[in-house]
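Reading through the structure tokens given below for one structure.
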Amino acid sequence: MASTSSLALSQALLARAISHHGSDQRISLPSPFSRAPASSSRRRNNAAASTTKLRSLRPLAVRAAAVDTLEPTTDASIVDKSVNTIRFLAIDAVEKAKSGHPGLPMGCAPMAHILYDEVMRYNPKNPYWFNRDRFVLSAGHGCMLLYALLHLAGYDSVLEEDLKSFRQWGSKTPGHPENFETPGIEVTTGPLGQGIANAVGLALVEKHLAARFNKPDAEVVDHYTYVILGDGCQMEGISNEAASLAGHWGLGKLIAFYDDNHISIDGDTEIAFTENVDQRFEALGWHVIWVKNGNTGYDEIRAAIKEAKAVTDKPTLIKVTTTIGYGSPNKANSYSVHGAALGEKEVEATRNNLGWPYEPFKVPDEVKSHWSRHTPDGKALESDWNASFAAYEKKYPEEAAELKSIITGELPAGWEKALPTYTPESPGDATRNLSQQCLNALAKVVPGFLGGSADLASSNMTLLKAFGDFQKATPEERNLRFGVREHGMGGICNGIALHSPGLIPYCATFFVFTDYMRGAMRISALSEAGVIYVMTHDSIGLGEDGPTHQPVEHLASFRAMPNTLMFRPADGNETAGAYKIAVTKRKTPSILALSRQKLPQLPGTSIEGVEKGGYTISDNSSGNKPDVILVGTGSELEIAAQAAEVLRKEGKTVRVVSFVCWELFDEQTDEYKESVLPSGVSARVSIEAASTFGWGKIVGGEGKSIGINSFGASAPAPLLYKEFGITVEAVVDAAKSFF
């Protein structure tokens, strides 16, 4: 139980926080909140300025949580003890590691306890049960909150020894939540704002699958997505992009808890963040509730959740005003508790303040007993759902087969046969157009295939012609309209991909605008989310739009990113081959850099060749000893092939190699690599309309690389290729330098 002095302190701090964020003139504060707020010298100095600033804010158009609550599942003393268990597991783990962020878990423990103990449906012994509620800690620095919850709930992935190894080498409890390390973690969070975007993707999936598969007499898709985000997440632009889409789409089963503690790393948020978050979210189409006492107001939190669940046509933001580092006598409500251990003396003081007599990492027996029910309850929930799905499968076998494919990730037999194939006699086309043929072919045979573009669908060529748009009123459709929100788009697609193994999202924009979504793309790679990134306008070949739209360094930068497949296909067969790999690689994101200009269907290219990453498309040599090897990608593979013909007419033996995906080539055996790039042949020339950075790895120390090591320019594409020296003549001259 919290001590009387601790409660008084918390109420005073909350009163100050409420004042800081404006007041709702329709709501009077309970008497404990009328005390003068606890102050520091910094706050006294800033008081007058803050008062003046706050007068300019409009009153909050937001409802406080009603008193009508969810039924508490146990008595208040167990709740208090359970909440403090969460706090001290976090405190002890951070203290042992001498590293971490104890403040958020200490402040958010009440809302998190109610979520995991009273509200959410899950099975601790099967973290991947399909119809579980999802939880995302967008404020990932507070990960000890989530690890403590998983430990109490009975997840085998977070045992006591895991808590004790927080932030250590090989630990299941790393410094930010990582889905690939810890079963029970839905998505990898850390970079602020990514988590709320992921949560939008998770909620989108629930709405989409429910619309596709639920029947009037059978509801097999029915789960919520909950997320905790903080001030830092609110400041990052990606969160606003994602929240805007969530409101537009009416994601009624998305409930976000905003940890309103007005503290960030540099101090009080008044130094840089004074906007009215409530009104912004209302404008974005969210239902907004304010829980004024997030420290001890359990019934307020319960009431807010009940109200949020009753709102089915829009997502809900529950602003929960909390005290960061709640219970710490000297560090609560300060930035010093945000990102550092409390220290031995303050840990002891906090134990005394909150009346906590237990040794580090101790879970009291009554708390352990109380939480133990989640194992049998979770098993029963999954068992009941399995029975419901079995009945559904008998009555709706076709729909059940599709849903099962999405749940398990097992692709329909022969799906790859739907991909188009081409011959040299097939008409040439831009690879963005050939990509559209592949997308539409895949959508017909892969149930979990869906996606869209950042307001460029007609230019990226990414519309699925057999389907309509996913909208609030038509959530069963599979074209996603993201608007001009590249970063939010990437984060949402990560959430889609991580919802279920058989979901294969794609998203599209111009290749140069990966700069706007790189943070989400990196998280795709890190968290093993197999998003397909369809990136068109891949080079100076886009022409007159000029250097702002012409990617130069982007191929090299993504080739440097771990667990990423960077494809640059040269024609139809290579485009189809890239999609075949992208669909099967569910734990690796794929990026397809596609041309705006038309390209011929080249002799020698193949879907099978793409699977090797680099392969020979033509060769007039014998004994694996060509005079020169010409290597190209994408639109420049044609240039390499033409240069080879010039050189062959002069009596040279020339091998032309397509290096469509470096990463796949790296995976091949040494014998295969030697068969394509024999170590005895140092005469090698590469050509690519992009930075030459990295090509030394392919052509060797004596080889030559033709590329662009400056920004592009505005002019028709053929002139640009000539002016930048991306020509047949340049390749021929470079090859002849070896003879």
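Residue numbers in this text run from 1 along the chain shown.
The backbone N, Cα and C atoms fix where each Cβ goes, and this holds for glycine too.
The active site, proton donor annotation in TrEMBL covers E486. Sequence-distant neighbours of E486 (active site, proton donor) (same chain, six or more apart, CB under 8 Å from its CB) are A454, T509, F513, T514, Y516, M517, listed in sequence order.
For H338 (substrate binding site), other Cβ atoms within 10 Å of its Cβ number 23. Per TrEMBL, substrate binding site is recorded for H101, H338, R432, S459, H537, D545, H549, R596.
TrEMBL lists 429-601 with the feature domain 'Transketolase-like pyrimidine-binding'.
The annotation site 'Important for catalytic activity' is assigned in TrEMBL to H101 (among others). Taking Cβ-Cβ distances under 8 Å and a sequence gap of 6 or more within the same chain, the neighbours of H101 (substrate binding site) are V94, H141, G142, C143, M144, H338, G339.
Marked as site 'Important for catalytic activity' by TrEMBL: H338 (among others).
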Cα-Cα distance maximum in Å, computed over every pair in H101, H338, R432, S459, H537, D545, H549, R596 that the record assigns to substrate: 48
Nonlocal neighbours by CB distance (under 8 Å) for R432 (substrate binding site), same chain, sequence gap 6 or more: S459, N460, M461, T536, H537, L594, S595, R596
Candidate with sparsest Cβ neighbourhood (10 Å radius) among H537, H549, R596, the listed binding-site residues: H549
All-chain count of other Cβ atoms within 10 Å of S459 (substrate binding site): 15
Local confidence of the domain 'Transketolase-like pyrimidine-binding' (429-601) - pLDDT mean: 98
